[in-house]
Amino acid sequence: MYNCAIILAAGKGKRMKSSMPKVVHKVCGKEMVNHVIDNVRKANIKDVNLVIGKGSETVKEHTKDRNVTYSMQEEQLGTGHAVICAEEFLKDKKGTVAIFTGDAPLITNETIQQLFEFHNSGKYAATLISSTVQDPTGYGRIIREASGEVKKIVEHKDCNEEELKVNEINSGMYCFDIEVLLNSLKNLNNDNSQGEYYLTDVIEITKKSGDKVGAIVVPYEEIMGVNSRVQLSEAEIVMRKRINHKHMVNGVTFIDCESTYIDVDVEIGNDTIIYPGCVIQGNTTIKEGCTLYSNSRICNSVIGSGVIVENSVILESHVGEGTTVGPFAYIRPETKIGKSARIGDFVEIKKSTIGDNTKVSHLTYIGDAEVGSKCNFGCGTVVVNYDGQRKQKTIIGNNAFIGCNTNLISPVKVNDNTYIAAGSTITNEVPEGSLAIARSKQINKEGWLDKKGLLKK
């Protein structure tokens, strides 16, 4: 059986008050429309078409790696009109098409699979997703036959007294036999107060043709649409709870779930402990047995097993197993830190490689450098990597000892097994086995304060 999906992503999203199309706003680090696409794909639906409109180039840019096709809706004339715009996508296809909305990011792949299975096994011409809510005010009601089949969808304003008591509501997400849908679209009109073409009318047309219409009921959170920043925040809360629950089931400890923020694509190994206030973003991988203390942010990075991070920021970098980072360290993009290293307080590292067992304990800047293993950086060391025009490279070998308050003027090379005296400014290569001293000789001028009249008596 051929299955495909159409995702409606052309809405303007006026209530978002944003220059961006609504569907590219993110929930837990991923665009809403990409949440829907990815869950459709997890349900083994490979052929996906997006109906796009306002801000189409932006939507294309955010979905370019999702292998989808596009249909253009120049004017937003209703959900039915959006599907009419995708008729070319459905042309010559036989099978089943599901229709989802790009602003409902909480739909799960399990529900999508259930929708197709229910639709196909029941031999329905159309199947819709519904939900039951305590307060259905404003929603279209699902009115069922005694057999359980869907009889009709009635908009709230058109409900009679009995229909107003119904608390099963329409989600705006459907499954259709493709041939039935295309035939029904031919009979769709905009004879209503808004002058729009409604997809709900397709259900009525299908029913009048004598075809079966069914519905599956899912939790409300799965069909919750996002039309404002308030609803975006509500969707974020639901998604964050799902994400944190998944990690806890897989053996991760959260000291406080409510104040821990993890993006949807993050992977975390078991026996990792995460303290309040941590933010883990993008395609980050945290391996097993790590401890992330409060107020740490990690983005698009790989953190090896047994790493301890405290009050620090790690961006687009790799930290080897058994390393400690922080407090208050800043690991900038393209940094690779080896195993069992120590990156201490107020240390900034940028676009550098740090070898195994190297210690950079405090108040140090390392940029555009290659640092070997078992090195020690004293407090206040600075790799001076910018010459005023371009960034230059520094190379430091294994077992180098860099004394406190040292400046390494790039480009420069410090070879294996070297010592640099505290307070030095190194501008030339330091040979292996050498002690480098590059500082002015101390001069004591005795009686100078007395001569200047500055001596306090």
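Including glycine, each Cβ sits where the backbone N, Cα and C put it.
Here is what Swiss-Prot records for this protein:
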type: REGION; residues: 1-229; note: region 'Pyrophosphorylase'
type: BINDING; residues: 8-11, LYS22, GLN73, 78-79, GLY140, GLU155, ASN170, ASN227, ARG332, LYS350, TYR365, ASN376; note: UDP-N-acetyl-alpha-D-glucosamine binding site
type: BINDING; residues: ASP103, ASN227; note: Mg(2+) binding site
type: REGION; residues: 230-250; note: region 'Linker'
type: REGION; residues: 251-457; note: region 'N-acetyltransferase'
type: ACT_SITE; residues: HIS362; note: active site, proton acceptor
type: BINDING; residues: ASN385, TYR386, ALA422, ARG439; note: acetyl-CoA binding site
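Counting residues 6+ beyond its ends, the region 'Linker' (230-250) has Cβ neighbours under 8 Å at 16, 25, 27-28, 32, 105-106, 221, 224, 257, 260-264, 266, 268, 270 in the same chain. Reduced to three states, the DSSP call for LYS22 (UDP-N-acetyl-alpha-D-glucosamine binding site) is helix. For GLY78 (UDP-N-acetyl-alpha-D-glucosamine binding site), the nearest neighbour among the listed recorded positions (ASN227, HIS362, ASN385), judged by C-alpha distance, is ASN227.
Each of the recorded positions LYS22, ARG332, HIS362, ARG439 was scored by the number of other CB atoms within 10 A of its CB, and the lowest score belongs to ARG439.
When the binding-site residues ASN170, ASN227, ASN385 are compared by the number of other CB atoms within 10 angstroms of each CB, ASN227 has the fewest. A simple Cβ count within 10 Å picks out one of the binding-site residues TYR365, TYR386 as the most packed, and that one is TYR365. Ranking the binding-site residues ALA10, LYS22, ASN170 by the distance of their Cα atoms from the Cα of TYR386 (acetyl-CoA binding site) places LYS22 first. Rounded to a whole number, the C-alpha distance linking GLY140 (UDP-N-acetyl-alpha-D-glucosamine binding site) with ARG439 (acetyl-CoA binding site) is 80 angstrom. A distance of 20 Å separates the Cα atom of ARG439 (acetyl-CoA binding site) from that of TYR365 (UDP-N-acetyl-alpha-D-glucosamine binding site). The sparsest Cβ neighbourhood within 10 Å, among the listed binding-site residues (LEU8, ALA10, ALA422), is found at ALA422. Taking Cα separation as the measure, TYR365 (UDP-N-acetyl-alpha-D-glucosamine binding site) is nearest to ASN385 of the binding-site residues ASP103, ASN227, ASN385, ALA422. A straight line from the CA of ASN170 (UDP-N-acetyl-alpha-D-glucosamine binding site) to the CA of ASP103 (Mg(2+) binding site) spans 15 Å.
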